[in-house]
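Novice: Pasting the relevant annotations from TrEMBL:
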- 46-235: domain 'Major facilitator superfamily (MFS) profile' (DOMAIN)
- 20-40: transmembrane segment (TRANSMEM)
- 121-141: transmembrane segment (TRANSMEM)
- 153-174: transmembrane segment (TRANSMEM)
- 180-200: transmembrane segment (TRANSMEM)
- 212-233: transmembrane segment (TRANSMEM)
Amino acid sequence: MKSRNQSIVSAKKLEKKHGFGSCIPTRWTVVILCALTNGLSYTMRTNLNLTIVAMVKKTNTTHFETCLAPGQSLEQTQDEVEGDFEWSESMQGVILGAYYYGYIVTNCFGGQMADWVGARWLVGASVLSSGALTLLMPVCAKWSEYTVIIVRILTGLVQGVLTPSLYTMLAYWVPLQERGFALALVQVGGNIGAVVTAPLSSSLSQHGFAGGWPSVFYVLGIMGCLAFLPWIYQI
C-alpha cells in the first residue's frame, strides 16, 4: 500500500495533469467541496432541532398574569394550538437525542472505514443516504414517533463516518503545511451550515409548501441527494 506521502505526490502530479484551471488548484477544489459537504451534513443534522417547534402542538393554556386588552375576551388570549403531533417533552428529548445514538457508533471508526472502502465513495454514500432519510421524515412523523426515532438513528449512523472520511481525504490531498487551514475551512463549512439552518427552517416552517414544516425536510433532503452528483463527478 502506498504511503500518504507518496499519495500526496501522486495527487500533485494528477493536479498538474487534470487541474480545473490555473486559478484554483485541484486540491483546493477538493477542500471546498469537503467544506460544502460538511455544511450540508450539518443542515440535515440540526434541522429537526428547530423544526420540531412547528411540528408539536403547543400547550393551550392561559396565564393568570395575562392582561386583557379593551374589548378582548379570555378565549382570544389563549395560545393558538399549532403543530400536528402531541409528543410529550420526554418523547421530544428522545427524538432529538436519537441522532447521536447512531452517530457515536460509526464516528469512532469512520477513518478506518474510509481507508478500507475509500473516502470518496464513503462520503458520497453518507450524503446520499442522509438526503434520502431526510426526505422520509415527514412520512415517518405522520406514521409514528418511533419511526422518527429509527430514521434519526439511521441518519446518525450514516453521518458518523462523514467527518473522519473528510479528514482522511484531506490527509492524502493536502500538503502538511496547508493542512491546518484546510481543516479549518471544512470546520467553518459545518458551522455555516448549522447557522443557515436556523433561518431557513423558520422561514420554510411558516411559509413553505406541503403544510409548512414538511418542506424543511423536503428541501434539505433534495439538496443532500443532489450533492452526491458533483461530489462523485469532481472528486
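For all residues, glycine too, the Cβ spot is worked out from N, Cα and C.
The structure displayed is predicted, hence computed values, not measured ones.
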Novice: Do the transmembrane segment (212-233) and the transmembrane segment (153-174) share at least 3 Cβ pairs under 8 Å, sequence separation 6 or more?
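Specialist: They do not touch: fewer than three Cβ pairs between the two stretches lie under 8 Å.
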Novice: Counting only CB pairs under 8 A, let me know which of 20-40, 121-141, 153-174 has the most with the transmembrane segment (180-200).
Specialist: 20-40
